[in-house]
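Trainee: Pasting a structure here, questions to come.
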Amino acid sequence: MNTTKLYLIRHGETEQNKTGILMGSTDTPLNDHGRLQAASLRERINALEVDTIFSSPLSRAVETATLVFGEQVPIITDSSLQEFHFGEWEGMHFSQIATQYPDIWQMWLTDWEQTHIPGGEAFPAFKQRVISFAAEVVNQHPGQRVAMVSHGGCIRSLLAHFFCESVSKGYWKFKVDNATLTEIEFMGNLPILIRFNYR
């Protein structure tokens, strides 16, 4: 039986990560610390070889992929790996959101999965695009080693999908740090968690 390996990597730190600002689909670069994080991860996984690299098209992910893997194989960008779009909340801190959008904020705290943020993406659509893309990648690359460089929300969605009863019940159980690697092996359709949040 072919074993497919999936390496999920979150991008390095940005200034917005550092200050607690929601970025979502906004394109923001790595800061200097984020670049050092990516370079450090490269050293830690120096012996790791991959056959294919997919990345979110946002620059913080593409730069991380480049720093981690160099020119080992071409980086294929795909919008399915973009972070959740927070709409009007992008560029804001949670404290600002609570003040400026008190009603929707309370709804989000109560039922975050079904609350629609003004101008934002519906969470069910977000999780479906990420899960569908990952399933397609695994099916189309049997026996290969595939890296996917993306965002915290994407990786949490996949981990909750693969290893929890449902995404809604498992999404917040995983804290995915910047510039970390999570490794999943697929024995046929069975996902096995090999490493989580490795750096």
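Glycine is treated like the rest: Cβ placed from N, Cα and C.
Residues annotated as substrate binding site in TrEMBL: Arg10, His11, Gly12, Glu13, Thr14, Glu15, Gln16, Asn17, Arg60. The annotation active site, tele-phosphohistidine intermediate is assigned in TrEMBL to His11. Residues annotated as active site, proton donor/acceptor in TrEMBL: Glu83.
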Trainee: Looking only at Arg10, His11, Arg60, which of these recorded positions has the biggest number of Cβ atoms within 10 Å around its Cβ?
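Mentor: Answer by Cβ density within 10 Å: His11.
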Trainee: Between Thr14, Gln16, which of the binding-site residues has its C-beta surrounded by the fewest other C-beta atoms within 10 Å?
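Mentor: Selected from the binding-site residues Thr14, Gln16 on minimum Cβ neighbours within 10 Å: Gln16.
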Trainee: Assuming the binding residues for substrate are exactly those in the record, Arg10, His11, Gly12, Glu13, Thr14, Glu15, Gln16, Asn17, Arg60, what is the maximum CA-CA distance in angstrom, rounded?
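Mentor: Farthest Cα pair among residues binding substrate: 15 Å.
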Trainee: Does DSSP give Glu83 (active site, proton donor/acceptor) helix, strand or coil?
Mentor: coil
Trainee: In whole Å, how far does the CA atom of Gly12 (substrate binding site) lie from that of the residue listed as 'active site, proton donor/acceptor'?
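Mentor: Rounded to a whole number, the Cα-Cα distance is 14 Å.
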Trainee: For Glu83 (active site, proton donor/acceptor), what residues in its own chain, 6 or more apart in sequence, show a Cβ-Cβ distance under 8 Å?
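Mentor: Spatial neighbours, sequence-distant, of Glu83 (active site, proton donor/acceptor): Met23, Gly24, Ser25, Ser56, Leu58, Ser150, His151, Gly152, Gly153, Cys154.
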Trainee: Run through the Cβ atoms and count how many others sit within 10 Å of the one on Gly12 (substrate binding site).
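Mentor: Within a 10 Å radius of the Cβ of Gly12 (substrate binding site) lie 28 other Cβ atoms.
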Trainee: Can you give me the Cα-Cα distance between the residue listed as 'active site, tele-phosphohistidine intermediate' and Arg60 (substrate binding site) in Å, rounded to a whole number?
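Mentor: Distance between the two Cα atoms comes out at 6 Å.
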Trainee: On the three-state reduction of DSSP, what should I expect for His11 (active site, tele-phosphohistidine intermediate)?
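Mentor: In the DSSP reduction, His11 (active site, tele-phosphohistidine intermediate) maps to coil.
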